[in-house]
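Colleague: One structure coming up, written as structure tokens, with questions to follow.
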Amino acid sequence: MDTKPKAVPSGRWFNPQLVQLKVTLFLLFGATSALTPYLTIHMQSIGLTVEEVASVYLTLLFTSCLSPPLTGYLIDRFGRYKPVLLTSIVLNAVSHHLIHFIPARNVIVTYRSWNVSLAGDGAALLLHGTSCPLQAYLNSSCSSNSSTSLPTYLTGSDTSCADLPIPDCALPALSAGTLSLLEPIPPASEYDATFWTYLAVRFVAASMLASTLTITDPIALDMVEQHGGDFGREKLYSSVGMAIFTPLTGLMIDAWSSGSGPSETVYTPAFYTYDLLLLGSLGSVSLMPIGRKIPSESVMQDTRRLLRLPPVLAFLAFLFLLGNFWGFIESYLFVIMKAMGSPNYLLGLTYTVGTVASIPMMYLLERITQRVGHVNLLVVAFFAHALRILGYSWITNPYWCFPIELNEAISCYFMWVVATTYCAVLAPNSLVATLIGIAGMVHFCLGKGVGAFVGGFLIARVGLVLAFRYVGYMAVGCGVLYKLVHLLWLHRYDGRALPDRDPVRAVEELVKRRASILPKVDQFGSVVSFGGFARTKAEDAHDKVNDEEQTPVEKGSIEP
């Protein structure tokens with residue numbers, strides 16, 4: 001196979017060889033964003049408790065780590081992308097659609113009644129009872145999209161409860177006298193047939209999803225190498241798909257649910273939209289001019305070398321913590337917004353805000369990185385996560401999500417591009433692919449899975465609002481810790497781990513390829529593929545022949 005890139009002729013504003021790649025990325029990531037963001041609240045709709053949801057995410061943690069290597073093995077074994085991708089898409093669609101047919105658990109919800117009245121000054125609430133409610137959001141006889149939070153005290157004592165949000169539609173009744181509120185008492189975890197059936201089906205579905213999205217990066221890179229183009233611009237179409245279909249699916253869910261019961265949400269549009277988009281991607285993949293893959297060398301020896309460097313160890317450790325915070329908010333964002341009374345279309349728009357806000361930042365990456373530095377930008381990502389998580393613990397009106405979600409452009413999208421370019425500084429050129437693969441697994445697999453698992457049990461113990469607040473404070477602490485570790489210890493390794501490397505040149509080279517506009521909607525990260533940025537032997541030989549035309553980023557190596 002000829003591996004020499006084919007430049008796009010001058011005067012052509014698009015490359016016809018890459019049209020099917022754009023369509024495929026748009027459809028695959030659009031499909032994923034149409035369904036996976038709603039799966040957490042769908043689990044709750046069929047009766048799974050928060051602890052059971054956390055258990056599901058813990059199991060999926062193993063799926064996310066095992067699927068990419070298995071997919072890579074199949075590609076290496078047969079040397080072809082297309083059959084593996086087509087098979088994974090079909091199994092992906094079938095297994096996810098089976099989730100829709102899992103019967104809901106017959107849950108008997110019990111309620112505890114609370115009576116509240118206005119204090120004499122009208123600025124606080126008096127709660128008639130002997131203890132505070134366990135839930136921050138209580139059910140009223142009416143519901144509205146806006147509410148008013150008032151400090152709450154137990155009658156007959158000075159005991160203060162958390163601020164209690166009252167729907168604006170219930171304020172007249174409160175002013176007239178005593179308002180009756182209901183607190184839902186969550187049932188105990190059952191781990192019955194419904195849970196085990198869901199877990200089995202979701203395990204297969206998540207494996208196929210991870211396999212499908214894992215293959216997209218190496219395919220995109222391979223086609224860009226063959227036909228010319230810019231990797232970041234191709235990946236931009238996956239971001240467009242994510243920005244469009246998440247809110248569109250939310251609107252359809254609201255429309256389908258309008259004729260159902262007052263508390264029933266119908267998720268059928270999400271599943272069928274997922275099926276239709278994957279069906280379209282089957283056609284586009286069939287038409288893509290995908291070449292055969294030359295098997296890459298083992299990365300095990302390179303991995304052992306990399307893990308001996310203290311800056312690399314610290315980078316991966318704090319990237320894991322960033323994944324924890326990302327996994328927590330991505331898994332339970334819709335849960336807390338639904339508790340505030342958010343409509344489903346608003347849930348989808350949270351994805352659109354972050355995606356659209358991140359696009360112009362990608363083109364400022366090189367300038368910002370040179371001025372601020374990689375470690376400082378990763379520290380800023382911790383603070384952006386903290387503002388996002390704490391913001392949801394402070395608001396009671398879900399429409400305040402728009403300014404909060406602007407932080408996502410920094411904490412998720414921009415953060416991952418900074419992390420990938422930092423890999424080019426920490427590792428020699430021959431090991432950049434290895435480090436990016438490890439970083440992707442640590443952040444998107446281990447970090448996200450642990451964050452979702454621990455977050456679920458924290459919510460079950462202290463409630464939604466306090467869980468978000470505690471996790472937000474922990475994000476602040478981790479950001480401060482990373483900065484202190486760098487100031488007191490890691491700064492001495494800056495520029496010394498690889499003495500013959502030009503960090504500026506390394507970053508410029510990787511930024512030039514726009515390494516991965518973050519596939520945030522990917523439940524496990526599409527860059528977890530170990531071969532995502534790997535160069536084949538033929539490509540290395542081609543670069544060696546053209547060494548005078550294309551100066552390598554770095555010619556040294558890490559000594560064992």
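Glycine is no exception: its Cβ is also placed from the backbone N, Cα and C atoms.
Quick paste of what TrEMBL says about this protein:
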- 538-547: compositional bias 'Basic and acidic residues' (COMPBIAS)
- 19-469: domain 'Major facilitator superfamily associated' (DOMAIN)
- 538-560: region 'Disordered' (REGION)
- 21-41: transmembrane segment (TRANSMEM)
- 53-75: transmembrane segment (TRANSMEM)
- 236-259: transmembrane segment (TRANSMEM)
- 271-291: transmembrane segment (TRANSMEM)
- 312-333: transmembrane segment (TRANSMEM)
- 345-365: transmembrane segment (TRANSMEM)
- 377-395: transmembrane segment (TRANSMEM)
- 415-438: transmembrane segment (TRANSMEM)
- 445-464: transmembrane segment (TRANSMEM)
- 470-490: transmembrane segment (TRANSMEM)
Colleague: What else in the chain is close to the transmembrane segment (271-291), if you only count residues 6 or more beyond its ends and a Cβ gap under 8 Å?
Modeller: 1, 17, 20-21, 23-24, 27-28, 30-32, 34-35, 80-82, 85-86, 89-90, 92-93, 96-97, 99-100, 219, 222-223, 226-227, 245, 248-249, 252
Colleague: Six or more residues beyond either end and a Cβ under 8 Å away: which residues meet both conditions relative to the transmembrane segment (377-395)?
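Modeller: Distant Cβ neighbours of the transmembrane segment (377-395) are 315, 318-319, 321-322, 325-326, 328-329, 333, 336-337, 340, 368-369, 401, 403-405, 407-408, 410-411, 414-415, 418-419, 422, 465-466, 468-469, 471-473, 475-476, 478-479, 482-483.
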Colleague: Given pairs 6 or more apart, does the transmembrane segment (312-333) have at least three Cβ pairs under 8 Å with the transmembrane segment (445-464)?
Modeller: yes
Colleague: Against the transmembrane segment (236-259), which of these stretches has the most C-beta pairs under 8 Å: 21-41, 445-464, 470-490?
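Modeller: The listed stretch sharing the most Cβ pairs with the transmembrane segment (236-259) is 21-41.
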